[in-house]
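Read the structure below first, then the notes.
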Amino acid sequence: IPLYSVIFLLAVIGNSLVILTLVQNKRMRTITNLFLLNLAVSDLFLGVFCMPFTLVGTLLRDFVFGEVMCKLLPYLQASSVAVSAWTLVIISVERYYAICHPLRSRRWQTLSHAYRLIALIWCGSLFFMLPIAVLSKLIPTNQGHHKCRELWFDRGYERAYNLFLDVILLVLPLLILAVTYSLITRTLCRGMHDFRRYSKALSTARSADGELMTTMTAATDMAVGRERSFRRHNNNNRG
């Protein structure tokens, strides 16, 4: 319980501080920070609507929050998880275009486009999690308590929906994250290699220029010296 409470407090306080910082500081309202703000909001929702209610239900071994909360809590928990997962995906895609295709990204990486993406994430998450809200019911137990569970009319539909959630909440986000960050890493490594090669070529060119200047200086000194010797010899002959 103490560890659970510490995690809950850190989640609430940490995400609240992030939200306050990004909201109050107008200079920090960039596209990436807007997505981070959305991520902090979804994580705060998850902490508020998941951890305390789960802790109370686990300690009492009874769902004491009523029928409405039985529908609302799992629905908000699942929606918050979906928003967090797909916000991370959007951040990775945004970083990919900013690093790998900077010119192309400037056309659509605007605050208005970011707001539309965030609205789409929330609407999609709330829509696809609706079966959880509709099918969650309070079920009495033999001990006279209640538990909150989803009551599906067909096991096949339940398995299909759970598989769908596994794909959209785990498999697909992880796949997109792996691909985008792999491409980002490859681009950065290639850029570092090109930078080192350019630096080496520049150093070689500077060395060659230095040698050329040294040679030209030596040749000039030699020519001036020979000219002076020639003039001195002519003056001696005339004398």
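A Cβ is built for glycine as well, from the same backbone N, Cα and C atoms used for every other residue.
All TrEMBL annotations are machine predictions without curation.
Record features, source TrEMBL:
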DOMAIN    14-239  domain 'G-protein coupled receptors family 1 profile'
TRANSMEM  6-23  transmembrane segment
TRANSMEM  35-60  transmembrane segment
TRANSMEM  72-93  transmembrane segment
TRANSMEM  114-140  transmembrane segment
TRANSMEM  160-184  transmembrane segment
Task: the transmembrane segment (72-93) vs the transmembrane segment (6-23): 3 or more CB pairs under 8 Å - done: no
Task: Overall pLDDT for the domain 'G-protein coupled receptors family 1 profile' (14-239), taken as the rounded mean - done: 81
